[in-house]
Amino acid sequence: MAAGFGRCCRVLRSISRFHWRSQHTKANRQREPGLGFSFEFTEQQKEFQATARKFAREEIIPVAAEYDKTGEYPVPLIRRAWELGLMNTHIPENCGGLGLGTFDACLISEELAYGCTGVQTAIEGNSLGQMPIIIAGNDQQKKKYLGRMTEEPLMCAYCVTEPGAGSDVAGIKTKAEKKGDEYIINGQKMWITNGGKANWYFLLARSDPDPKAPANKAFTGFIVEADTPGIQIGRKELNMGQRCSDTRGIVFEDVKVPKENVLIGDGAGFKVAMGAFDKTRPVVAAGAVGLAQRALDEATKYALERKTFGKLLVEHQAISFMLAEMAMKVELARMSYQRAAWEVDSGRRNTYYASIAKAFAGDIANQLATDAVQILGGNGFNTEYPVEKLMRDAKIYQIYEGTSQIQRLIVAREHIDKYKN
């Protein structure tokens, strides 16, 4: 098996270097008019999906429970994912990356999340941290900070949330004061994924001291090296689920950042920070679908083996109907993230679809994890079976990268604006 997997890796890396890149340039991703809608994946997409699936089932699943128990950061798995080309997929080709689209990243993310969403979140945390630079960085910034991530398995982090500012991003208190050719950063961030493992951070700070300044002018986005003096990394938080993911608070005390590390310019940070979500929320939704699919598979497997009242569980209509509902929900959630990803890869603004996908898939992941525990009964409540972990892991999909309630606000706003305009 090891030899076979090794050959698969070499083949995939070959595809990554040649065929995949040639097939997925921006020019080639443009669809010819009149071709209609298609559910068919390209051969390269199938290769990436199959490799991620094999990796999740053969390397992640066997150790997921132990990582959940210890809370240890899954360094060997992250290194392996990097070797397979399953990380940093958004990084442009001119920076050494594959330059893949959001749809491609979603296919990989779903498979990784099927194995363990803690591992998937650590990897997706990288994508979120990178995205502001991908969409707003200049050539020098991209080559310096994105390029290094293709040379070795480094991590980065999206450093925005604060103790008193989660959904209310405009309420952040971290300040950036310009002094000569550098900025002095002071403030505190919280719930930062990869916070203790990152090589660098995307940081959002208030650069306009006027409290009445509009959000689209009051904040500036920075790239901050993690080893800069004045950065104090807090303890690893013990969370309800996704425990192998690294989540921390970070204090910035008189941290000096050169002006060369500003994205676009003063006051552009809020737009940059929010713009990243159109590309990352579909990928988060795909992770939620991966968890939901795992819950459905575990529940179905159990129902085909367990007997009660002289019958298999699947022979009881109550259980078969539950499985049918679960199957319908996971299929619809998958379609939602694929639509959102397809829209942004086609060059269109996808805020509406990205929020639908994020909210719907997050809710479905929680519903299916709960139903899986119910079908397994007492066994589902026990750590000997994987569904209790799925139930704990699922909750964060309704919280991070925009709560389900915030997504509904966005969907409502976009929907109403269509009719007004």
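Our numbering is plain: 1 for the first residue shown, then up by one each step along the chain.
For all residues, glycine too, the Cβ spot is worked out from N, Cα and C.
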Swiss-Prot records SER167, ASP278, ARG281 as octanoyl-CoA-binding residues. Which of GLU43, GLU47, GLU58, GLU401 is assigned to the same site? GLU401
The candidate from LYS189, LYS279, LYS307 that Swiss-Prot records as N6-acetyllysine is LYS279
Which candidate in LYS54, LYS236, LYS256, LYS301 appears in Swiss-Prot with the annotation N6-acetyllysine? LYS301
Say you check the Cα of GLU162 (FAD binding site) against those of the recorded positions LYS69, LYS271, ASP278, THR351; which is nearest? LYS271
Simplified to three states, DSSP reports LYS271 (N6-acetyllysine) as helix
Have a look at the recorded positions LYS217, LEU376, GLY402 and say which one has the shortest Cα distance to ASP278 (octanoyl-CoA binding site). GLY402
Counting every protein chain shown, other Cβ atoms within 10 Å of the Cβ of LYS259 (N6-succinyllysine) number 13
